[in-house]
Amino acid sequence: MKKILILTGGGDCPGLNAVIRAIVKRADHEGDVEVYGSIEAYNGVLRSPQEIIRLTNKTVAGIHVKGGTIIGTTTKSDPFHYMITKENGEKETIDRSDEMVTMIKDMGFHCVISIGGDGSQRISKALFDKGMPVVGVPKTIDNDLSATDYTFGFQTAVQEATDAVDKLVSTAESHHRVIILEVMGRSAGWIALHSAIAGGAEICLIPEIPYDIEAIKERIESRYKDGRGFVNIVIAEGAKPKDGTITARESDEAGYQNLRLGGVAFQLTQQLKEVGCKADIREMVLGHLQRGGSPNAFDRVLATQYGVKAMEMALAGEFGKMVTFKNNEISSVSLEAATEAYNNVDPRSFLVHAAKGIGISFGD
Ligand code: F6P
């Protein structure tokens, strides 16, 4: 009998449940494999009492259409920086990585399947280096993992953002306004780029192409020449002006290591006003609507393939690797290769060229 432990780490993402379901269903074919889920990533193992649940065909029936993850997730589950509360109430982080590796072995798990983004895969790699058998599955709506062409969840997020652009175009047009839609994308502007093209925005601002505020003002003014213009802008949360910085703040959540992005749409309005842009401007932050809800068909199919492949790799003992979707094929790479570079938008790519070809300005 082989026991496999699965966990979902980092921000949630449409399709997590579809991966879980595929793993469990594939395991069921074997007859001698049991699948367990650790609640809230590695925390379920490290907590006392532990929170580990058995996942069966019955548990996962029909969950592929649901958003979120039935085993919970967290951005605060790094065994190398495990959060504890001291007797005086203060929080501190301690390294429980060795304990983690030992516990997985002692509990008789053959392998851990870790479904997560860049941060989670880095943790998986570090635990693998310490001897823990692990297989990774790439997740994030940002699509910023370079080893794979698509992470599941991305296409669903793009559709959500595109639906928002569609709606904002009609209201911008009715009021002759500039409407700025802020979408997710910390270091990669994929959601912004795809939804700007799909929705027909005039301006798209992404982290990979720092913008010149004067160029944006000019593009806006060119649309208002006859006094009846309107402009839709899609901006990624990680976009920044030339010679400027991203709009972010330190998180006040204990154990949350990332900067909290958000507010760049309001920042852009301010900058436009400062350079004399006279248009009426409204902003909208799409936020976590992009992450919640049911995955679209593409993401369900991709997530299912990832789940089946991950289970087959686990059974075959192909540890220290992450499942990938590259050039239309499901394959795998080492966790080292999976985490060495981000998947950023290439400003010289045909996608950017095509966007420019239909008149979208990147403010460059
Ligand atoms: O990495 C995925 C992502 O959706 C980013 O685009 C965004 O900045 C971040 O997660 C938000 O995370 P949280 O939900 O922890 O605020």
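Any Cβ shown, glycine's included, is placed from N, Cα and C.
Please treat TrEMBL annotations as automatic predictions, because they have not gone through curation.
Computed from a predicted structure; not experimentally measured.
Taken from TrEMBL, the feature active site, proton acceptor covers ASP142. The ATP binding site annotation in TrEMBL covers GLY11, LYS76, SER77, GLY117, ASP118, GLY119, SER120. Taken from TrEMBL, the feature Mg(2+) binding site covers ASP118. Taken from TrEMBL, the feature substrate binding site applies to THR140, ILE141, ASP142, ARG177, MET184, GLY185, ARG186, GLU237, ARG282, HIS288, LEU289, GLN290, ARG291. Annotated domain 'Phosphofructokinase' per TrEMBL: 3-313, in sequence order. Annotation source TrEMBL lists site 'Important for substrate specificity' at GLY119.
Structure with TrEMBL features highlighted.
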residue	record	contacts (Cβ under 8 Å, 6+ apart)
GLY11	ATP binding site	THR73, THR75, GLY117, THR140, ILE141, ARG291
LYS76	ATP binding site	ASN43, MET83, GLU253, ALA254, GLY255, TYR256
SER77	ATP binding site	GLY9, GLU40, ALA41, TYR42, ASN43
GLY119	ATP binding site	GLY9, GLY10, THR75, ASP78, GLN257, ASN258
ASP142	active site, proton acceptor	GLY117, THR151, PHE154, MET184, GLY185, ARG186, SER187, ALA188, TRP190, ILE191
ARG282	substrate binding site	ALA172, ARG177, VAL178, ILE179, ILE180
LEU289	substrate binding site	GLU160, ALA164
Reduced to three states, what secondary structure does DSSP give ARG282 (substrate binding site)? strand
Out of the binding-site residues I have (LYS76, SER120, ARG186, LEU289), which ones have their Cβ sitting under 6 Å from ligand 1? ARG186
